[in-house]
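Attaching a single structure in structure tokens format; questions to follow.
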């Protein structure tokens, strides 16, 4: 087993080193060494440029007909950032669930882009198709605060499940401003498709590299386009970008596009976008390493936790109530994520964790039934006395906690029903359960602390699995600190962020108990064995 773990850790180290090497190759580009076959930057000639943004319903633009000019920036300075909000007229075709495109031209000042041979342009859709989010209403009164409910009532019920056109209110532009000289024989493939070369005398120049940041388009900013909408706001923002960051951003956009080609929806891809957009480059590197270690610890935790429960023959020192609560909370969180249509990146690991917790409950219940009389080997000796005390302490702890827990859960559910709007009764039920899990979940970790206190021992806990991740009865060790880092650098609900620090409190108490109750090698462990017991030898014949 140790060799398998070493192999996994070795593969992980190789993966991290290889990823760092690939990232270095992306952010660092070797410049041209000599004068031959070099491609010079056209921006080094300091031309007077103009930025123009047009809109049209056509995906291909052949002439200047049927286009609307929405933004014109004369004397465009590539070094100066800006942000401007304009109102865009929405054509009738777009209002009828159609598409609208933006054409961005960077051309010489005073010349129309169609007449400029040295212009560069890109096209970006200003609309996308998504299934509208169900309207949330007060379940008791049926009232809704928004007018979207009125609009939905005018449509047939089948139309509410069909994708409709949504408006992207932000358009983020970048121009690579580094005076970098490329080697024509080894052009990076990622930048090459954004480059347009011109021959000026004996020297080849590349025109300004224009880039549209698609990662900044988030699902939370999308707006439904109604048939009555004639104008919509569009925020056009510009900022310069370095060559290294440009290449990195191109690779990230390609990765998100690949996810969508594999079947990820717009909302699934949005979860990946949030990692890059909501954090700066340094935090992004930290996020990568934290996520990599999180993945490693998750794998080792699953391996050791499953191995621990496979070997376990009894529930000595283990809180059955805590095992049941862990399973219940994991399944509720999975159903909550499913109801919220959360990204598959979050939903799939939650589903795997729920399946493992269900298996552990089945195993724990079999062992609990066994020591109560169905198997004779659990009816005598240390097993019977130890498990009887464990069950007694576990029940006693839950009795005290129930006095506080049940009124709070019921009161919170009633309050949310009266004051918060939901999609359905099922959504309210799942939200009530998950709020109880987040807000009071640490109370169900306390029975294990109480059992440890009464038995004056922690030898019965799976400390190897505990080192990596929470098992059925205790919080994380390494992952506790990893989750704390995620709570600061990753966008998440406030309740989930507080839950990370909630686990820290219980974790510190476990560490204190680990120090307070050192392992007694004369005490029987979870397998009914003692380290100081000597195997009985058969007497000699003589």
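Note that Cβ sites are derived from N, Cα and C of the backbone, with glycine treated the same way.
No curator has checked TrEMBL annotations; they are predicted automatically.
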Quick check on the annotations: TrEMBL lists region 'Disordered' for one of 142-162, 163-183, 184-204. Which range is it?
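Within the set 142-162, 163-183, 184-204, TrEMBL attaches region 'Disordered' to 142-162.
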When TrEMBL marks a stretch as transmembrane segment, which of 344-361, 362-379, 380-397, 452-469 is it?
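Of 344-361, 362-379, 380-397, 452-469, TrEMBL gives transmembrane segment for 344-361.
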TrEMBL tags one of 237-258, 259-280, 281-302 as transmembrane segment - which one?
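Per TrEMBL, the stretch marked transmembrane segment is 281-302.
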